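Notes to accompany the following structure.
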Amino acid sequence: MNTVKTVRELRAAVARARGEGKRIGFVPTMGNLHSGHAALVTKAAQRADFVVASVFVNPLQFGANEDLDKYPRTLAADQERLVQAGCNLLFAPTVEEMYPDGMSVQTRVSVPQLSEGLCGASRPGHFEGVATVVNKLFNMVQPDLAVFGEKDYQQLAVIRAMVRDLNMPIQIIGEPTVRAEDGLALSSRNGYLTPEQRTAAPALYRTLQHIAAGIGRGQRDFAALVAEGLAQLSAAGFRPDYLEVRHAVSLRPAMIDDRDLVVIAAAYLGNTRLIDNLYLHVEEKTA
């Protein structure tokens with residue numbers, strides 16, 4: 001695996017691979033990679049002949065009081081993990097390489113509606129930062145396909161909409177969330193948790209499972225199920241940011257006759273914000 005740090009080197013390496021008739025797969029990351037990221041790269045390697053990954057902690061998607069400065073940067077370990085997962089090329093640019101004129105004058109990409117609410121409500125500007133950097137990376141790499149984790153469910157929906165609305169010839173593949181044995185979704189931010197918080201953390205996914213089970217049994221009072229879930233989270237030591245049942249594609253609030261739903265949540269354990277979601281398909285009842 002080669003590592004490049006400039007757009008020029010990146011484009012030259014991708015052009016060589018494309019010249020050999022190779023299909024290009026792409027996995028954008030912020031580094032501090034874990035098994036969940038490795039699964040994304042493995043999926044890309046299954047679907048493409050040449051896999052590009054990027055490691056870039058994107059300042060544009062962090063709010064003023066968020067964890068940009070303390071977000072872990074572990075490039076050497078990331079390189080090892082990428083090699084093992086089947087990556088061919090790593091793009092690890094500086095902020096100056098990505099935003100040469102500074103971020104204040106950077107053209108922005110905004111995906112309306114899907115970016116609002118849920119994480120967008122408590123992290124204003126976050127999805128604009130995500131859409132902008134992913135758009136730039138797509139233009140730099142020009143992949144045939146890109147793989148994203150379903151753990152960041154709203155982000156995946158935003159990127160799918162951007163690709164569709166801007167007519168990008170890129171196949172977007174969602175990869176199921178990778179979990180620890182106790183159910184906690186793998187996340188770079190799990191490293192912030194104290195041992196006690198780590199023990200409590202799986203309650204987030206259990207709460208989603210509880211709500212999904214209720215819906216599966218035919219309950220349609222989503223507000224009552226969510227109220228139960230919020231009580232469960234608070235009892236486990238969480239400060240919930242949001243917990244909602246949404247339509248799985250449009251992310252609008254769920255309606256009684258919706259078949260494809262997602263139970264989606266963000267909650268704080270101490271200062272660490274964890275997110276998770278659970279998709280479910282509701283079978284139509286036959287008389």
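Don't overthink the numbers, they just go from 1 along the chain as shown.
Yeah, the Cβs are placed from backbone N, Cα and C, and that goes for glycine too.
Here is what Swiss-Prot says about this protein:
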ACT_SITE  H37  active site, proton donor
BINDING   30-37, 149-152, V178, 186-189  ATP binding site
BINDING   Q61  beta-alanine binding site
BINDING   Q61, Q155  (R)-pantoate binding site
Densest Cβ neighbourhood among M30, L33, V178 (binding-site residues), 10 Å radius: L33
C-alpha spacing of the residue listed as 'active site, proton donor' relative to E150 (ATP binding site), in angstrom: 11
Rounded to the nearest Å - Cα separation of Q155 ((R)-pantoate binding site) and Q61 (beta-alanine binding site): 11
Distance, H37 (active site, proton donor) to M30 (ATP binding site) (CA atoms, angstrom): 10
DSSP-derived class (H/G/I helix, E/B strand, else coil) of E150 (ATP binding site): coil
